[in-house]
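So the structure is just underneath, and the comments pick up after that.
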């Protein structure tokens, strides 16, 4: 008898099984190929805009993805560095082979975790409660909780031209039996599609005509726990399609599964295939291609931006029309894959299914796309399954606390009909949710769950104390326009002042940096770089942050008014049938969650608030 069974060893499965095992739960991970645990099925990179936030938040609570990325990374960059700190994003190219090996070894070393190379065929469900799993080897495993992290494997169907192949990804069997079984549980399900790009033999590329894209000179680690971070970095390259490339693709539209009706699933809006780009943006004469090394040996390159399901011979033809790729030899062809997913409105915020007790879902099965989105969900599912076993309150991150909170809330409340990916624009309070303050926002959760060490949490507390002390000093200390103070400002290369201001206003200047902050007062001289950076950020955006915090307080009032789990919305007089129907379907846990449901009017929310408050007074 296991406490937790995790089905699927992708990025969601890695985080789910690790979290559960580290929280003391006897855990079993079932995966089709142990060698493929933590595999990067698509591009060899972790992070990016908003995705980097998810990785940092995982790391802040004790997740694995950040540490693995730092160990396996072969190029590190900060995206949007010229823009505000709220929308900057960390991204790393990874050695995809090394990443898998590190992920697998981390799991194999965990005391409470067993791994078995089997494919789940059927769930054992009694009275709408999951009890265990039956596998393709006829083994039966019982568990208190089961977490589905099946990725693209549920009835996975690969498309290349007119050819179709049942598979979860190239070389691995699709999960047909489990996919068909889930259809019998009365869950709302759909079909989605994603795709991958060709990989090319490095020897066949003429790099001399490509634009070089180097990593950052001073690379920054994803994990705050990474020590002595000094990675060996490789360059990426940029190529461009041309009108010849586009003509080849257009001439083969009739063979594209995307256009022939062969593919029925909905694809990712923000990561279209090259044939979809040429069709939708026919006025464009060129599209960027990012040429990314797959491993530190750089023997094979991933052609990012060239996702396709066109026939093999067409892929070669169109790639060879690109400058630098005239003699390109494709080692692995691109393909599209369709798969089943469960509509995420079927889930609670804990990622447990509403209809099947003790059954949790995380990753692409919930309609998301991306390694980072999957890992974040897997981590939270593993945590909440473990907390539920211990009969403790679940961990549900609010929208103002974390991008992970935004991700899960969007899925559960709004649902999705297309692969969902995270953007900074999805977060209302993104100035509060900066990458670099993730440990300050979420570190205590990780420590309380036993996923962060005493040493890690002490480090976080020291930064928090420095931030509070430094910001209070800047806000309380007045700077008068006398000769001494103005001379000091001029020595820093700053403009003089003509009226009394507090130091926060001076530090808020665009030209004011960390080196100047150190010279401002002895209080800052001994502080570490992390603390100084956060003091600087908080000072520069102080008024905007204050406004967002005021908005958060209003939201908290709604969030703290909880709706009982089995609440009878029909009992509330004054609610329309449409509102009752939507509330019964979504089962929002709070008034704020109810406010996010399309069609729930302010008047309905007022009625509901009054009714719930009256009921609480009666108790």
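Note that Cβ sites are derived from N, Cα and C of the backbone, with glycine treated the same way.
If you look up Swiss-Prot, you'll see 8, 9, 10, 11, 12, 13 marked as FAD binding site. Residue 8 (FAD binding site) falls within neither a helix nor a strand when secondary structure is assigned with DSSP, and so counts as coil.
Following the DSSP three-state reduction, the secondary structure of residue 279 (NAD(+) binding site) is helix. Positions annotated as NAD(+) binding site by Swiss-Prot: 267-281.
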Inter-residue Cα distance where the pair is residue 271 (NAD(+) binding site) and residue 13 (FAD binding site), in Å: 23
Local backbone state of residue 271 (NAD(+) binding site), from DSSP in three classes: coil
Those residues of the chain, 6+ apart, with a Cβ under 8 Å from that of residue 11 (FAD binding site): 38, 65, 363, 371, 372, 374, 375, 378
Nearest of the binding-site residues (269, 271, 273, 275, 281) to residue 10 (FAD binding site), judged by Cα-Cα distance: 271
Which of 9, 13, 275, 279, all binding-site residues, has a Cβ with the fewest other Cβ atoms inside 10 Å: 279
Most crowded position, judged by CB atoms within 10 A, among 10, 267 as binding-site residues: 10
